[in-house]
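Chemist: Sharing a structure with you now.
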């Protein structure tokens, strides 16, 4: 049994280890180890295409994770106190948003937004006072909006689980002691769900940062880091991709472990 | 403001998001699937079933998906179950959490990079080179259904382990002791006690993996090399290369419909099996 488990862990981690090992390859061939060096990290970090893609990915991940945490928390808290059809509709929407394949979300967002923009742009142009009206197009906005759809649903699920495990008597006591609803939220609910919100933020960030398939459809002329890596792999395997891959994995690992610790600490305190 | 009014205000941004980014786009896909292709790509409004009639043109993609998704799910299950069992029943409680986290963490890291790793391992200079060295030459692994299955099992293993683990972990260990006290050999305890009681976790794991696999694009794109492709690859081709939005929408709508039907049928089946088991245990 234990030997089997060791094999499965090797199966899970050897591929990651190989990527990391070959990223330190001194040679130019991706699959032949010729001494160790950090030159590919230097090359990757001084490649303007990589840095542009990284910047896009970081901005999109950060903004969408903020939107997801704020709106997701608001919705989760509100859903606690709501019964009836509105709640049923929201439960259904959250379920659909999480369950539907990412590729379908990507396609739907692409043709939905392009159709919408085709209607909006002439309208805006006709109303705009000058000759250079703003033009809606796919890019940062559509990336952030599409990622937020999925991650917001994720945040709602995480925070509702946390709220469900919370003692209701605490908020009741708070309002019996004449705290305003906002006061109760700030001083009782928020401190209790804060670890879950932070964990939700980190998971959202990681999801957005790593997402390829949705971004592939909705990125427009922008390039995120996964899109860059995918098109590089298509052109051939290079040690530079190994270096980028190792850095991406390292960033996700740090964020994930932080998220896990937050969720765990939050649980043990109540 | 009343409590209800306040809740509605709090729900407004999420509601608007769902409406604009989920309900409207999915409706557009459905509408487009009844339309026609424009001369320069894109979409021309119409009401026709032509796109659906044309579905057999992408039959191979549907066939591959409908074969490899269940087979991949099964492969992930076969690898995951013993590990979940080990973690829940046999592992030292001190290490349990850490070991579980080590299984889950890869799932949240980039599937792109993790699948890419297998291009390395299964490619010409990886395992085939090793086999060649010990005398087994001419083995080709990459760009075959096998390499796609390896990628699937590898990528979705964590998602399969987790629900089975949760289920086995909650299982009352005294049942296992009772079974062996009553003289059942370990394999019988496993077959008659552990396995039936862990079926809900198995069902959840299979469902999650199967759903994600139905929409898979990356693993076949990287490890199937254009020879083994899924519906997801057909969709990328239709929307981003040939820009045939009407037909693409019909393919996407069909994919979602197949998913809904199989998932509903599967859940019914599981529920019926579950109900039967309860009947038995009542006697």
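Glycine too: its Cβ is placed from the backbone N, Cα and C atoms.
Because the structure is a prediction, the values reported are computed rather than measured.
Pulled these features from TrEMBL for this protein:
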- B:7-34: transmembrane segment (TRANSMEM)
- B:62-268: domain 'ABC transmembrane type-1' (DOMAIN)
- B:66-87: transmembrane segment (TRANSMEM)
- B:99-121: transmembrane segment (TRANSMEM)
- B:141-166: transmembrane segment (TRANSMEM)
- B:202-225: transmembrane segment (TRANSMEM)
- B:245-267: transmembrane segment (TRANSMEM)
Chemist: Quick check for me: are there 3+ Cβ pairs below 8 Å between the transmembrane segment (B:141-166) and the transmembrane segment (B:7-34), leaving out pairs under 6 residues apart?
Modeler: no
Chemist: Between the stretches B:7-34, B:66-87, B:99-121, B:245-267, which wins on the count of C-beta pairs under 8 angstroms to the transmembrane segment (B:202-225)?
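Modeler: The stretch I would name here is B:66-87.
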Chemist: Going along the chain, which residues at least six beyond the ends of the transmembrane segment (B:7-34) come within the CB cut-off of under 8 Å?
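Modeler: Cβ under 8 Å, 6 or more out: 1, 43, 46-49, 51-52, 245-246, 249-250, 252-253.
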